[in-house]
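S.K.: Features from TrEMBL:
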- A:127-154: region 'Disordered' (REGION)
- A:7-25: transmembrane segment (TRANSMEM)
- A:37-56: transmembrane segment (TRANSMEM)
- A:68-87: transmembrane segment (TRANSMEM)
- A:99-120: transmembrane segment (TRANSMEM)
């Protein structure tokens, strides 16, 4: 896996831990205040865990899982972010996605975008379909893919 | 929480992050300096944990939510440990950058813990 990919995995891991623990606290201590928001918070935490694992694993199937999880997060932060502003009663301002992830330095909004860009850039099938002799940026993802898979075999 | 200890912890966390970024830019894998900085961050968290357990018995009770505070503290205590495990298994300069991310994350969490303890903030 390339360096930026590892950084992405680390940040996803931290966010997964933070979001999961926080939602557990919310569900355990004041679930009745906003059941929809706190259940969604728990779901968000679970999907961050799935995304973290899928980004670490190699292969086309895990790549699709990672893509789906990240896309879900992007939709989540956009929809819940908007609803938390327009329907404040339903979505209190203390879930991971509220106000586009403001409580987490907008990382929940930026991270899915970074994740999708990374998945797209490191996609081995995309590299093959590129015309020969174009920009040489492609050489890095090829090497990193190869290094990543050999790491996984160890 | 003891206010000066909290602020010292935030400053140490931020400084440890800057140190790790400097070593990352120098293309270094995790070494004694960067791992030492993370160890210091963890040590201060342990001190904070002991302080938080003792404080209510000497008349310094949290005015905020004790359970939320405890969950933050436990999560913060886990992060440097996980980062060091990562750093020891992945001997590249990128692990040094991840140490920086964790140091900053802990600094932010300690800041939040102070808000939770005092019942202020969001």
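Glycine residues also receive a Cβ, built from the backbone N, Cα and C atoms like all the rest.
Walk me through where these features lie, including what they touch and how far apart they are.
M.R.: Tertiary neighbourhood of the transmembrane segment (A:37-56): same-chain residues 1, 5, 8-9, 12-13, 15-16, 19-24, 26-27, 30-31, 62-63, 65-66, 69-70, 72-73, 76, 80, 90-92, 95-98, 115, selected by CB-CB distance under 8 Å and a gap of 6+ residues from either end.
Same-chain residues lying 6+ beyond the ends of the transmembrane segment (A:68-87) with a Cβ under 8 Å from its Cβ atoms: 37, 40, 44, 47-48, 50-51, 54, 93, 95, 97-101, 108-109, 111-113, 115-116, 119.
Counting only same-chain residues 6+ beyond the ends of the transmembrane segment (A:99-120), those with a CB under 8 A from a CB of the stretch are 4-5, 8, 11-12, 15, 18, 51, 55, 63, 66-67, 70-71, 73-74, 77-78, 81, 84-85, 93, 126.
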S.K.: Apart from its near flanks, which chain residues at least 6 from the ends of the transmembrane segment (A:7-25) lie with a Cβ under 8 angstroms of it?
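M.R.: Beyond its ends, the transmembrane segment (A:7-25) has Cβ neighbours at 1, 38, 41-42, 44-46, 48-49, 51-52, 55-56, 95-96, 104, 107-108, 111, 114-115, 118.
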